[in-house]
Amino acid sequence: MARAMRACALLSLLVFATSAWAQKLLVDILTEPCQPTEEGALNFTEQFNKSAENVFYQSVLASWTYNTNITDYNMDKEKWNATHMFHVSDEFFTSLNLIPMPQEFWDKSMLTKPENGRDVVCHASAWDFYNRKDFRIKMCTEVNMVDLFTIHHEMGHIEYYLQYKDQPVPFRYGANPGFHEAIGDVLALSVSTPKHLKDIGLLENVEDDKESTMNYLLNMALQKIAFLPFGYLIDLWRWRVFSGETTPEQYNFDWWYLRTKYQGICPGVPRTKKDFDAGAKYHIPANTPYIRYFVSFVIQFQFHKALCNASGHTGPLHTCDIYKSTAAGNLLAKALQKGSSRPWPEVLQEIVGTPSMSAKPLMEYFEPITEWLKEQNQKNNEILGWPEYSWTPPIPDGYPVDIDKITDIKKAEEFLAEFNDTSEEIIYKYNDAYWKYNTNITDYNDQLQQKAYLQWANHSKEFGLRAQQFDKDAFQDESIRRQLEKISLIGSAALPKTDLKEFNAIISKMETIYSVAKVCWNGDQDCSLLDPDLTGIMAMSRDYKELEYVWEGWRNASGRTMRQDYIRYVELSNEAARLNGFPDNGALWRSYYDTKTFEADIERIYKELQPLYRNLHAYVRRKLLDTYGQNHINTKGAIPAHLLGNMWAQSWINIYDLVVPYPSAPKIDATPTMLKQKWNATHMFHIADEFFTSLNLIPMPQEFWDKSMMTKPEDGRAVVCHPSAWDFGNRKDFRIKMCTVVNMDDLVTIHHEMGHVEYFMQYKDQPVPFRDGANPGFHEAIGDVLALSVSTPKHLKEIGLLEKVDDNEASEINFLLKMALDKIAFLPFAYLMDQWRWKVFDGRISSTEYNKQWWNLRLKYQGLCSPTPRTEKDFDPGAKYHIPSDVSYIRYFVSFVIQFQFHKAMCDKAGHTGPLHKCDVYKSKAAGDLMADMMSLGSSKPWQDAMEKITGQRNMSAESLLEYFQPLTTWLKKENENEVLGWPEYDWSPYLQPDVQERELVDFLGMKLPSSNAEAGQWILLVIALVLCVGLIAMACKLPKQKKHDMPQNSLAMDKAMSI
């Protein structure tokens, strides 16, 4: 039975491995299917052996005869041996003016398998002994063409060693690992040509006809093209293993899954998880990366084309033989000599003229066989690929089918229907319980929300594990594939039940600590919560010590008390991430952006914005010096974090009154007018709703008005005041929770939160997995982009909050500076929040340095320092809501960038002309329709598609943001001409300084004074000197007139002489 099964399996391999036109011949001879029975299999294989013999003979004869019966026969006829084969190869290298093999090579290499019976590793390999003279090859050579090619390949390594041997030791490597593999192979492309085989006496004639060309190229394709997917999948498998995505239990299953997916082959006999077929390939146990061979098989054709051009070759690329071309050899040697002393793109460019890998020369080389194969496959109506990829040779009883992936599209559709039908109720119950807890913080409600969370998590885990059983890549329908991917990612629900319960309890505990934390005066008699009390003090107070007390008190009451819980939270978060196939929780969070270069993109954008931020920082620092004095502000140092009007210094808009460029210009703060007109929270929400409907967007439904929490309850219950928007998952219940205060800031916040709700409503009819923003930053941007219009003086006048719009430079700069205090000041904070967490999750920041590294990042990116000493007993990150609440923050950085891209696109659609910062899209249905089209996609498409739909471009860019603030940027640069940008005195801290800092004292008239006082004294002395000078001149002019007649003649003559 085993032999019969193997025969059926081998047939399947042959059908996959041979070209499609040969498959047609095979299928023609089949009269009955291969049955998984002893009799059926034997009957079939017997018939196959009798009938297929001629088919395979005809399909393979030409290639085999051409490359084996002739060349191998001639090698045998001419009595070639291993040594001669190596000398032929060496002669090829020297014909190119390359370095010949040294004597040590011939003396010490192992060219054949030893005859004394000792065990050796026969796998061919080249060796560099690093003494710049001893280079060897180890190989059990047999006299045939394949080994002749292998000798050229290995000797290519030796040639590379010889060329770079005089480099410093760290540079004695290939430009990249693929380069080393390519060098011998590129020469073998010449050696394998019929022309070259004739030159070295292994072919009598060169047949220059189509049939011979096709035979030759097909033979090369069986070596080169057939290898490429294998060259890719070996390390793809290992990368998955290393990241944890492939668990040990799935090693063998995923190995064959990838081999089927990329190579279109299946195992010839049943394999189980007890097997380890990957280990049957030398490079796996030898710990040798394999992707180098894939790279080599691409760049060797780039090298080949460049060397052929250098040799003056004309004609098809596959006919090129660079033998005896010193020009080609010199070009190659020049690159080889560099070793790894230069980045590989530079070395590649030196050889081929481009710094990038490209498959174009490879495709050019095989173009004749490509066209021929297309013609043959079309003629025979062949199917390209292996749509019946689930087919395997007959499986005996007991084969572990439980690890197979499901590829049945009907089963996938049924599964998704079930998930969508059941999820809405589960989501509603969880959000309802969580809402009750957030709007009434009690132990009872906490227990209810934790119970509801576990029900939701169990549901997510059940369906997530079931979704993972599907082969997502098998489905052509992008919607099905994308839904399965999203359902498969189950986050914390992947944790075991006890860990999941602990995880949720920790987050709930930290959120509760945050929500009920208070700062007290006079013992415990007079205490204040964060919102609105402490937030108000931080915004309005200008008392340095009061701000310091509140700032430190809040961190002592919130962050410090949750530090130990956070350490355990990190452990459980990382475990959940690993169960989802990610190395840590930071990697899981970044995956939501579906961009391999996400971190690099964010860093690039931050650096583009850094000059504007540093100019704003320097300007604000100088203004704060005027308010708090030089004993609290260092104009070359960081700014104390408690002086910027916000508990976390994430927005500086509340100190606008201290830094306003033109105080006499009309103010654009609408808060006084709102209070004068007796606005309340409900009216503010209706104003925001009217803005959305003016754009032809969906109005807030009745449930929203009935169930939202718009103000802090007056019945004394504890609530989470942090503003948030809620989607209850039933397509009709949407709410906002907010402790609204009547001011301009909260009016803007209402637009932001209502933007979330508008997004919820736009995509509510998408399948449940797609009811989300295109990426997390999109959701944050929607409300903010409308707030850019709401904040304009034009719009404030439109809604009755400004009497007139002053269109002059002073008003413009005042407005833009105020916007920058909110938008630009925020960006480095938004970036560092998750920079810190990513490093915590991946272990770069240990729990013993949480606070130290937090302040290092705040200094590095924001240029801020703590106003009081901080230690590792503190946990200042936990004083920010999103840290204990397990909410990624980089979304806000993304939002603050892309909202300006959205704004520009909508302004263009609205027909706006003029500076971007003056645009108000209010009442533009065209702008609203553009936004609605994008929002209605939810996350059904990659975010790049959604971005393109609204902006016409597929990338995040700071260009629109910089355009918006361009007038302010120019103004700030002029204002800061004499300022130090940045904080070079980075070790300065306000709590380490005396009342008058020694660094500022200078010597003035024998006294030690602050530099500013000394400067003032200099001006006073200058004025006094000028007054005295004018007085002396006046007296000198008056005195001669009074005494002229009494003066002696000789004195008058003397006076004249002096004037000369």
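Here, residue 1 is simply the first one shown, and the rest follow in order.
Keep in mind that glycine also has a Cβ here, set from the backbone N, Cα and C atoms.
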Record TrEMBL, residue CYS919, disulfide partner from CYS865, CYS907: CYS907
Residues within 8 Å of the HIS752, HIS756, GLU780 Cβ centre (excluding the Zn(2+) 1 site residues themselves): ALA725, GLU753, GLY755, HIS779, ALA781, ILE782, GLY783, ASP784, SER895
Candidates HIS283, TYR593, GLU780, HIS882, ARG891 (recorded positions) - the one closest to CYS721 (disulfide bond) by CA: HIS882
Sparsest-packed among the recorded positions, when each Cβ's other Cβ atoms within 10 Å are tallied, from GLU753, GLU780: GLU753
Residue among disulfide-bonded residues CYS122, CYS140, CYS907 with least C-beta crowding, 10 angstrom cut-off: CYS122
Distance, HIS283 (active site, proton donor 1) to CYS520 (disulfide bond) (CA atoms, angstrom): 66
Whole-number Å value for how far ARG891 (chloride binding site) lies from HIS882 (active site, proton donor 1) (Cα to Cα): 11
Rounded distance in angstrom between the Cα atoms of ASN458 (N-linked glycosylation site) and CYS140 (disulfide bond): 58
Alpha-carbon distance [GLU780 (Zn(2+) 1 binding site); ASN955 (N-linked glycosylation site)] in Å: 17
Candidate with the highest Cβ count within 10 Å, taken from the disulfide-bonded residues CYS520, CYS527, CYS739: CYS739
Rounded Cα separation (Å) that holds between HIS752 (Zn(2+) 1 binding site) and CYS919 (disulfide bond): 18
